[in-house]
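**Student:** The annotation compositional bias 'Polar residues' is assigned in Swiss-Prot to 1-10, 333-345, 355-367, 487-499. The region 'Disordered' annotation in Swiss-Prot covers 1-23, 247-315, 333-374, 467-499, 1294-1381. Under the heading compositional bias 'Basic residues', Swiss-Prot lists 11-20. If you look up Swiss-Prot, you'll see 270-284, 296-315, 1372-1381 marked as compositional bias 'Acidic residues'. Swiss-Prot lists Gly1031, Pro1032, Pro1033, Gly1034, Thr1035, Gly1036, Lys1037, Thr1038 with the feature ATP binding site, giving sequence analysis as the kind of evidence. If you look up Swiss-Prot, you'll see 1294-1305, 1337-1350 marked as compositional bias 'Basic and acidic residues'.
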Amino acid sequence: MTAPNSTPASSRKRVRRRRQDKPALSAKLVLDAHVKGDVGVIATDLFADLFPHLWANGDSQDTVHVAIAPWAPSQTPEANNWSIVPVIRSSTVAPSTVQFSPSSLALQSFATHLQQAAPSKLSGHNKGGIEILILDVSPIELDTVFVNLDGELAKRLEDGEGTFFREHPVNGKGKARADATPEEHLTAALRTALGTLKIVHSGDFFPLPLPPHPVTHQPPNPGRITLCEPVAQGILAPTTKIIVSRVRTSKTKRSSASGQQQGRKLNGVAEDDEDAYFSAAEEDRDSKTNAQTAETDADDTEFEPQAGEDEDNLSDDSLDEIISLQVPTLPTTVTGQSTIGTGTPTMLRGRKTNGPGSVISSYTATTARPDRPRGRLFKAHGLMKPIPPDLLHPKPTPEDDEEACIYVDMRDLTRVGCFSGDWIRVEAASEPPSNGLGAFGLGSFVEQEADEINWRPARVFGLPEGYSSRSATRSHHSRHDSRNSSFFEAQSQKSNPPAYTSPILLANLDNPPYLRLSPIKRPSSSIIKGVAAQSKTSSTLKPPFAREVILQHVRTPTAVERDVQSAVMAGLKHYFERRLRVLRTGDLIAVPIDTQLGKALQESTIPGEDSAIDEVLGLIAATRPGQSLHYDDVAWFRVGHVQAMKQDTTEAVDGEEAEDLWGGIACVDISLTHLEQSGSVTGRIPGTISNSWQYYLGIRKLPKHQQNPGLPAQLQTLEPEKQYVSSLRRKLRELMAAATSKPALHLNLPPLAILLVSTQRHIGKAATAMQACSDIGLHTFAIDAYDIVNDGGGGGGSDVKTAGFLTSRAERAMSCGPESCVLLVRHIEALTADRMVSSIKEILADARVLIATTTEVEKVPDGIRALFTHELEMSAPDEQEREGILSSILADRGIGLDHGVDLSGIALKTAALVAGDLVDVVDRALVAQRSRLEKLTAKATGSITFRDVQLAGGPAASGLTKQDFELAVDAARKNFADSIGAPKIPNVTWDDVGGLGNVKDAITETIQLPLERPELFAKGMKKRSGILFYGPPGTGKTLLAKAIATEYSLNFFSVKGPELLNMYIGESEANVRRVFQRARDARPCVVFFDELDSVAPKRGNQGDSGGVMDRIVSQLLAELDGMSGGEGGGGGVFVIGATNRPDLLDPALLRPGRFDKMLYLGVSDTHDKQVTIMEALTRKFTLHPTVSLRSVAERLPFTYTGADFYALCSDAMLKAVTRQATLVDTKIRELNAAAGPEGKQISTAYFFDHYATKEDISVMVTEQDFLDAHRELVPSVSAGELEHYEQVRAMFEGAKDKDKKKEGAGGDGNGVDGLESGNRNGMLAITMGDDGAGAESTKKDGKGKGKAADNEVNGAGEGKGKEGVSPFQESGGDEDEGLYD
């Protein structure tokens, strides 16, 4: 809505606020050619109801905006697709009417929604109007509009060919300058063209300001709006960005594309764009072809009885199944058992082409049956939500039972042989054979007993428009439309038409995969009366009323609680009061209840006032259904006995025929029927794996794609998409199904006891067990062991009380049936008393399935643990499991997603998070979405409300976006790091690490490759998951480890040596195990051992009394061996060690499979590398333009480590800050001196608020600051220490280069040159040593002079070397071969 720009100054009336909870109004949309332009006309009464705050202004003709949607029973903004259109009020319009021009561009979006919801309303001009829902709305200014434009037309607009004609303005608005650039020409033309749309909708077409073709006068192809941000529809603002995407249109499509804009009108022409729609009239012409598609085999085919023919003359042989083989020509005699030829005279039963012995038909097993199944075969589908009766025709009465109805497509009613609203026979059927034998399958000639057929009468209705699925592709038309085009097409498996019904009705029919629908069998007296009797029997007659009905309560864990009995009785009373229920003996009745409200009312009322509670609950359910009551459970009842009244009909000859006609069902009228509840029974309920009763009864929310009414053929009718099922849930389901099966009960097999173990909490053990029970229809009675221990109390005899409480609750669970109820004990580690072993044994003696969960399995007593037959471990979910869990959470809550959201990417970012953490991620994403929408409403101009954003629609407004999930994942990962004790990693990236190019490449090969390409390691190749950084202190070993964790989005564990030590025997090794277990739970992650030489020194050299360090090293070796395989839970865990004394490490740590990747981190040996490090450290500094880092680096020695460079840059920045502060203080003193002693003295804060310039605020580091810091800096590592580290490096790397052939360089040289040439790939290492000898000789002292030999260590160059290499280095020397070449 656009409020008036001017308000009279004299008007001091208080502005009325718009209601956000206003329900939508029903109105009619009339297309009137007399209405000109794109703005509609709204009736005065609608204007007064929608805009009461503007109604008081009098005769205001300002344009306002309303949101319209095709009429639907649900009037909430979230459940409909709304289109915002501009209107003005008029007193000449009929009440409750909105008029638009048939060619209005504003109705393009509404036409799309109407086509999906009710296509027939687009097929012709509806003079009575189109029923719509209408709401007031304020449009939002759009930030970005994405436009698709033909490339040639865009080029013409860039050339300035745009002319403004017809609906385009003729003034100069929007025209570009004469000297404008091509981009300005295009921008001006598009902004003018989009200006013709009063409201911009996603998917709208708009005319371009180009002249038509000079010869054909055909207008150019219109532009198309592909996307609007931040909402799907709004107004174009001057600040709106227009992004053009140029597409190429083929010549064959240009003619049709030019008429797309005119096709998207509501004047009787359906839109004809790339999403082609075919109306019912087109499909009627292909009804025979569509009938072929729906056939499965000859068993499922039946023709309608013709005039003068009895229904016994019907045959399953159909003309639709005739095979057309034209070439080569076959004899006219068709294969089959019949010997009657083409010259056979007319048979006794009349001229037929589909009977036995026909010249066209084959002799089949179906025709050989004495009493073949009658009716049409349909695929059974349970409804996700009841179909509103207002959409059905004929409209059912309010008392009709919706659970006794079946819905099929309108075109399938004729094949059943009935009309919409007739009573039919519904028979449970099995799946038809899929092999080539067809009706000749095994057992096809065996006659089935009539008593074995599970059937019942039900009313059939045609699916409302928009619900039925219709093919969107044209069928191939051949010359012989009634014949199959080939033999192989006739033999192919074809789908049956769907039939939708209540999942409760399907459960009472034993959940059959198929239903056979046929007209209800007429009594013998009705056959004489003919068609009139058939019509009367099918539609007019009703089942007999019940005289007495006995109900038995199905015991479930929730329904047996005393606190919810009042809610159960109130729900049962309401169930029979609002409908005439159709029941028969053995039926299940599902009564949804609100247990929370029932318990609250039970606690707040006086004992004995149960009748008042029933009345309150019944009144709430009757007056505000679905708004105040939030159903969270279902009470189940079974019909024990139904006694029907004698039916006074003329059709029935005797009682047996009447009973056979209705199959034992009866209508329950609470005013006539004696309803009695007698006792209770135990048994299973329908399993959710094959029944959708949880969605149908409102216990679970519908998935978002099911709640979208813009989806034809799938609007609350189809079953939900297949959700992710974990392997553990599937295994639990199989074990419980086997333990509770009839053979297991008959053979009295031992009970099933399962212990679910995990190392993390909130991983979903109990939820997985409950879901597995619900899948197969078992009840779950959950017990928390800590609650039992608390109820037992302290003091003497607490164990006896605890055991008593456990036994009593187990007995209550067994009252629901041992074969149909599972006892779930959570946190079983709390039951540590010895008496619990005997108590659990007693429970297992009566129960069939016992499931216990624990996160601390070592605390479970051995006696209790030995009672379990299965022990299953639930580990942290991997990437695919996390994606499945996320999709399940979103589906259960009915949350939609933006098109840009990729759940697999979110699953990758949520590594190490379990199910409970993923629920928290979704909750945080919802909070982020709410905050984003609130910011959008606050940012928008005018009176924009939160409901306006919802009405504007779009995936970003109605669902979660990628930004919402990013905020949620970041917050969840921070909380997860706190929960597992992982340190917070600073935001260290590769940019913060200067140089070390070869080290980065080696790290990428070790870590990134297994993460991004796991298929390379799928054939048994072991991953190299251990990296050892060694070198002088301050060279960036810890910084590099943090950068690895940040760059690859890994969790980071930092382990110090003293953290692992413990005074108790065995605890130090246990600490090592816990570290790696936490790493496996948090994978992918990095375990960083800083100062590894203190954690794992050489074994046998320590003087500790108990050999603690030796045991720690042994445990560390055992854990490292499990990391490289990846199959045993170690995949995704990378171990990084850092030390400056690798010679002190235990040699076993450096063998293959452990720390086999050794990377030396040294100092910079060239000024170029020093400049690279300084650039990384000063990338956030503001350097003076005259600063040259190279000139600074040339004055620095080669002994500076990374830490020294960090200190150098930090000191330089500090000196710059000090210098700038001194200058500011000098200016303040000068100002105070100029003001004099009597003037106002200014402070530092006042100076920065009023006098400071940009130069005073900015701090720029000069080259002199670096030089001053260099003079004061003392290197952290001396030249002698660097020489020692270089010797250590040569000792470790010498074995790797020993067998390589190098071209040595002769001559003498100093140690610096030799080390520089011996360094590999720019490794940051240099030794400022004395002039030394040349290449390594074979002497023991390692010194000598001469040319480098092929087998020498240091390769080309001269320097000091060392001959002795320990055996362990030679064994693992080839692992890093070629790394430093």
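Here the Cβ of each residue, glycine as well, is placed from N, Cα and C on the backbone.
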**Student:** What is the one among the binding-site residues Thr1035, Thr1038 whose Cβ has the most other Cβ atoms less than or equal to 10 Å away?
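**Tutor:** When each Cβ's neighbours within 10 Å are tallied, Thr1035 leads.
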**Student:** Other than Gly1031, Pro1032, Pro1033, Gly1034, Thr1035, Gly1036, Lys1037, Thr1038, which residues of the chain come within 8 Å of the ATP site, judged by Cβ distance to the Cβ centroid of those residues?
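**Tutor:** Filtered neighbour residues, in order: Phe1029, Ala1138, Asn1140, Leu1161, Thr1201, Gly1202, Ala1203.
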**Student:** At a 10 Å cut-off from the C-beta of Pro1032 (ATP binding site), count the other C-beta atoms across all protein chains.
**Tutor:** 26
**Student:** Fewest other C-beta atoms within 10 angstroms of its own C-beta: which of the binding-site residues Gly1031, Pro1033, Gly1034, Gly1036 fits that?
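**Tutor:** Selected from the binding-site residues Gly1031, Pro1033, Gly1034, Gly1036 on minimum Cβ neighbours within 10 Å: Pro1033.
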**Student:** Just jot down the residues in the same chain as Lys1037 (ATP binding site), at least 6 apart in sequence, with C-beta under 8 A of its C-beta; none if empty.
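**Tutor:** Non-local contacts for Lys1037 (ATP binding site): Phe1029, Tyr1030, Gly1031, Ala1138, Leu1161.
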**Student:** Look up Thr1038 (ATP binding site) in the DSSP assignment and reduce it to helix, strand or coil.
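**Tutor:** Thr1038 (ATP binding site) sits in a helix per DSSP.
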